[in-house]
Ligand code: GDP
């Protein structure tokens, strides 16, 4: 996401490299470039103009400390303004009350159904909610089916009334049902159309008036750029929604919608969808997004994801095994599973400052672990827990079984042995003893 814009902004800042101080002229030149970069990223032109005007006023009005280079100062100002443009602070989803009710709105194909599933899973897992998903699309039976399949996949009940043609009634009945069953969160997925149309607007407005939701989230495909912003405006004029969800940010290299929508409708972006899988959902943090746009990575989100997967008991158990030199291939594979649970590898790597740009053209996907997994799964349980058993003929068998080569198997085992030695040294305190010698 945002790759093109990141590159362009970086080039704009180069104009200031080597300049001793900020002047009217070099600021104007840099900002002309920044404005072009924003327009090429499909940012609304009024938003782009306002943005560069503000940055200019700030840059010229600043007492430039000699310790700070003009280019660094400009990056800092642009960063802070980008964060403000996207809303400043992040705004939490409102799930108070029982049941809390969230209504989805948006065009067909924007990703409403997918997001409904993702949100239900997120709020169940992180906030301990008991969600009920509601299928209110009375025109497309396939849409009801899609929600049911998702619900089953994530273990969340789905309410539907296939024979009822009145979405208002379905939504009301669903809320009643949730109350009876002790479900404290109702997520209502609605019908969309391919373009804004009067009947759809009337229908969703009627649902809103009948169920009085905590949140009305407008879901929009970020890849549609300026169209996304225009649609947002139309929906907001009619519905006065409470928040925006930008989907498909994984495919959006420009980012215009993310940058303009907040200013145009004055409603916070609350979530972003970054893939088709159920866990590809991020809470939206404007400052962190600004970090990413400027190629500064997003180390905070990376650490948070790691913490979510961190299992203290498991860590203690591993520590003990490592100290006794008992770390085996079962532990190895469970570590790989942990990393995979954190999400898409490329996405993770791009959160490390400086790494995102370096790897943007490299193909890294979750298949990276495939051959390692195949090799380990081709070992017998006994071999996995006693890697010393792995002699030549066993290695041959494993290579064959995993569809890899003997070289690959040897390499993995060698790496594993080295890792194990290193771990033992650290856990056994040898590192500590080595330290004073290294200092000398
Ligand atoms: P709806 O008609 O608004 O309910 O849209 P759907 O939920 O059916 O989504 C339309 C398509 O977009 C489906 O193929 C989804 O898998 C896909 N999709 C939804 N969200 C994302 C996302 O964040 N990233 C990507 N790459 N695809 C998504």
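Cβ from N, Cα, C; glycine included.
Because TrEMBL annotations are produced automatically, they should be read as predictions rather than curated entries.
Positions annotated as GTP binding site by TrEMBL: 106-113, 189-193, 247-250. The domain 'SRP54-type proteins GTP-binding' annotation in TrEMBL covers 268-281. Residues or ranges marked as coiled coil by TrEMBL: 296-323.
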Quick one: among the binding-site residues 106, 109, 193, which has the most Cβ atoms sitting within 10 Å of its own Cβ? 106
Under a criterion of Cβ-Cβ distance under 8 Å and sequence separation of at least 6, what residues of the same chain contact residue 112 (GTP binding site)? 104, 105, 106, 189, 190, 192, 219
Indicate whether residue 106 (GTP binding site) is helix, strand or coil by DSSP. coil
With H, G and I counted as helix, E and B as strand and the rest as coil, say where DSSP puts residue 190 (GTP binding site). coil
Select the most exposed residue of 190, 249, where exposure means the fewest other Cβ atoms within 10 Å, treating these as the binding-site residues. 249
Quick check on the domain 'SRP54-type proteins GTP-binding' (268-281): DSSP residue counts for helix, strand, coil, in that order please. 0 helix, 6 strand, 8 coil
Taken over the domain 'SRP54-type proteins GTP-binding' (268-281), the model's mean pLDDT: 94
